[in-house]
Amino acid sequence: MTEIALPQHHEHEHPRGITRWLFTTNHKDIGTLYLLFAVSMLFIGGSFAMVVRAELFQPGLQFVNPHFFNQMTTMHALVMIFGAVMPAFVGLANWMIPMMIGAPDMALPRLNNWSFWLLPFAFTLLLSTLFMPGGAPAGGWTMYPPLVLQTGMAFPFLIFAVHLMGISSVMGAINVITTVFNMRAPGMSYTKLPLFVWTWVITAFLLIAAMPVLAGAVTMLLTDKYFGTSFFNAAGGGDPVMFQHVFWFFGHPEVYIMILPAFGIVSQIVPTFARKPLFGYTSMIYAVASIAFLSFIVWAHHMFTVGMPLAGELFFMYSTVLIAVPTGVKVFNWIATMWRGSMTFETPMLWALCFIILFSIGGFSGLMLGLAPADFQYQDTYFVVAHFHYVLVTGAVFAIIAGVYFWLPKWTGRMYDERLGKLHFWLSAISVNLLFFPQHFLGLAGMPRRIPDYAVQYAEWNMLSSIGAFIFGASQLIFVYVVIRAMSGHGEQATDQVWEGAHGLEWTLSSPPPYHSFNEPPKVP
Amino acid sequence: MGTKLPGKTRQSAAALLCALAAGTASAGYALNLTEGVTSISREAYRLHMLALWVCVVIAIVVFGAMAWSIYHHRKSRGAVAASFHDNTRVEIVWTILPFLVLVGLAIPATTALIAMHDTSNADLTIKITGQQWSWRYDYLKEDIGFVSNLDEKSAAAAKLGSGVDPRSVEHYLLNVDKPLVVPVGKKVRFLLNASDVIHSWWLPDLGFKKDAIPGFVNEIWARIEKPGIYRGQCTELCGVGHGFMPIVLIAMNEPDYQAWLTAQREAVAKAKAGVDRVWTKEELLAKGEEVYAKTCAACHLPGGEGIPGAFKALKGSTIVKGPVADHIDRVMNGKPGTAMPSFAAQLDDADIAAVITHERNAWGNNMGDLVQPAQIKAARK
């Protein structure tokens with residue numbers, strides 16, 4: 001290879017101004033764009049949640065009518081899943097994967113630019129429906145027919161927005177796989193890949209397998225609505241339950257798409273602050289891979305109540321609870337990593353530890369939900385709402401925040417404000433439990449999910465939950481301030497290694513790293 | 001949500017946790033799953049408590065180990081990091097142990113699931129139809145059937161800005177105008193389906209919910225052990241009225257149930273007679289207003305103004321101010337592809353006639369015409 005006259009230096013002039021961001025093919029710029037987009041969607045989706053919690057603050061309808069309430073729950077979910085959590089993980093992947101594997105950039109930089117810029121268009125389409133006659137989609141993020149087919153003008157906008165998000169995700173996934181397979185520095189064998197890279201590769205395969213299924217499902221909805229087909233219309237010979245099977249065949253891997261990279265982040269952070277190598281590196285990879293595999297054969301546990309034959313319910317119950325085994329292995333490994341370590345508790349570590357505890361609580365309720373006879377009682381109640389917010393907020397979102405604190409000094413070259421970081425953590429950790437823990441009780445006591453108003457015996461817990469929500473929402477403003485401060489060059493200069501216990505190629509680069517991470521392939525120790 | 005509805009739940013967090021730990025339902029249903037009044041619901045409850053305790057024990061072990069290392073293995077206490085990063089034996093143990101725990105949970109879950117699926121040898125069968133947004137109950141073989149709506153007091157209080165304190169309404173959102181009635185001790189089979197979108201029928205005290213899906217017939221069963229009033233709600237998002245679709249079931253001893261059946265048959269006969277006579281304008285308007293508030297106001301709003309883009313205004317509408325036949329057709333058959341359902345099965349002839357008369361004369365529509373139940377009866381043919 002050395003015989004070919006390759007240009008030795010790739011340093012271009014930094015493009016400046018708006019075109020730098022519009023036309024950028026640089027993994028760091030695109031990573032930044034993804035992360036900024038995700039945080040703005042977090043606040044938009046969060047504001048929808050605030051409307052929901054304000055309405056549920058006390059029994060009776062005070063602020064919005066049930067139609068608008070349903071729009072808020074639906075849009076909250078769509079925006080948070082496709083606009084906040086997924087793009088945030090892609091942003092972290094863009095920033096960190098090339099730096100972790102010793103590559104100059106992502107393998108497909110122009111595709112990378114495109115996969116980001118689809119998202120603002122997708123969400124403009126989706127959010128514009130709020131201003132349309134008839135309002136935004138109000139049939140739930142799961143888009144079950146026949147209800148979703150009653151959506152008015154917003155319907156085609158919903159479908160095309162979902163298509164664009166899906167295309168963006170698949171392109172991002174292709175880029176991650178291509179980069180990791182082809183751009184590793186010499187000596188960076190698969191058994192040396194950092195866990196974050198491993199979890200992302202597996203996630204990317206999930207994305208490629210799952211997103212087209214969603215695309216198929218929503219396309220069938222589109223033709224049912226406008227072209228007279230009857231895929232899901234029983235009167236025309238179709239089957240509304242088939243939609244649910246197809247949807248959840250996408251939807252269950254999707255929930256792991258939103259948690260596997262979080263496992264990766266935590267597996268980077270815990271060893272760093274325990275000053276000890278990750279316990280059970282190989283079993284961690286096997287665990288992630290088995291979770292990914294199992295995620296494709298458990299979809300119908302979302303549908304225990306649709307009326308499946310006994311054998312079907314038994315199969316989906318057994319396969320579902322089986323996921324507890326590899327998930328348990330992961331948690332045990334993290335704790336073994338801490339065991340006899342030399343721990344310090346900087347902000348990223350606090351978020352990571354909190355992730356382990358609260359994600360486990362979400363896992364426990366997941367195990368309970370997996371037992372079909374009990375699920376007949378839990379399904380579609382607030383118990384489910386509590387469960388998936390524990391895994392998605394105190395799981396996925398907490399891990400993303402942990403990752404941002406962890407890597408922010410590397411990205412910006414500035415240490416964030418540790419005091420504010422800790423304040424942000426403690427306020428969030430306390431309020432998020434006030435927000436979601438009582439919802440377990442509400443669900444068990446019989447409160448269905450997605451209702452705009454409720455019987456008076458649910459009043460106390462709902463009020464507490466809403467108070468928690470308002471505090472949690474407001475606390476995230478601290479986060480924005482902390483990040484903006486570091487981005488604008490305030491704060492102590494960060495060292496290259498940043499954290500005493502940090503190991504890996506990314507920490508050998510300067511803080512902030514050069515525009516092209518590695519012009520020369522680095523030596524892998 | 002049985003006869004004893006929960007009292008105040010303003011207890012300290014500690015008291016709540018104690019109540020939960022005691023596993024009793026006495027602290028109020030606002031905390032834990034009900035034990036219910038069927039064998040199925042008790043199986044579900046037992047499985048729930050078993051799984052909960054398993055989780056609590058695992059949590060104590062795992063979080064305990066975590067807390068120990070956080071406290072003892074911290075740098076500020078002078079802890080020096082060890083360098084181990086693998087131990088195959090330990091990893092095998094903590095893969096196999098959870099697996100065995102799962103087997104322990106799966107066994108009772110499997111027996112419970114098998115029992116739940118056995119709908120054979122039922123003493124009586126009731127067909128339940130979910131519709132936007134009420135439940136229709138048909139007693140197969142008994143020749144009676146009726147629609148169960150949210151009760152009027154709840155409906156009035158549940159309007160945006162109604163000014164009514166929900167706490168002043170008894171069983172707010174958990175009460176209906178006509179409850180389902182079943183005999184105690186008999187195996188009742190419920191057949192579930194839906195006429196428009198997917199709903200889900202849930203009575204916590206009976207032990208499970210099941211979806212009501214258009215084009216499908218789902219089966220569940222219950223043998224209720226205690227007379228009482230049991231309350232639940234629709235649990236599948238089904239549109240704007242989703243939160244306003246309660247389920248109330250009264251379990252009666254056999255003699256009371258027989259008396260109730262007789263009364264129902266008489267009521268059906270009386271309603272049939274009502275359809276065959278000519279109604280006065282006052283009667284139609286009074287009845288129409290009542291039916292409108294119960295059935296139509298959720299979407300078209302009490303003042304008939306609708307929600308632009310989502311639900312058509314009836315005030316000044318071309319259908320309402322157009323030919324009577326079109327109006328009757330729209331109410332009876334709905335408009336496919338929209339949220340406007342068919343009311344032919346949901347309302348009787350007098351209800352439909354009255355509500356149409358009301359709509360044509362309310363809110364300044366002032367059409368002045370009357371629709372008689374006989375016209376609806378004719379339109380059904």
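Glycine residues also receive a Cβ, built from the backbone N, Cα and C atoms like all the rest.
Now, the feature entries from TrEMBL:
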type     : residues  : note
SIGNAL   : B:1-27    : signal peptide
DOMAIN   : B:25-120  : domain 'Cytochrome oxidase subunit II transmembrane region profile'
TRANSMEM : B:51-71   : transmembrane segment
TRANSMEM : B:92-116  : transmembrane segment
DOMAIN   : B:121-263 : domain 'Cytochrome oxidase subunit II copper A binding'
DOMAIN   : B:283-363 : domain 'Cytochrome c'
The domain 'Cytochrome oxidase subunit II transmembrane region profile' (B:25-120): DSSP-derived helix, strand, coil residue counts: 66 helix, 1 strand, 29 coil
Arithmetic mean of per-residue pLDDT over the domain 'Cytochrome oxidase subunit II copper A binding' (B:121-263): 93
For the domain 'Cytochrome c' (B:283-363), residues assigned helix / strand / coil by DSSP: 41 helix, 2 strand, 38 coil
DSSP-derived helix, strand and coil totals, residue by residue, for the domain 'Cytochrome oxidase subunit II copper A binding' (B:121-263): 25 helix, 61 strand, 57 coil
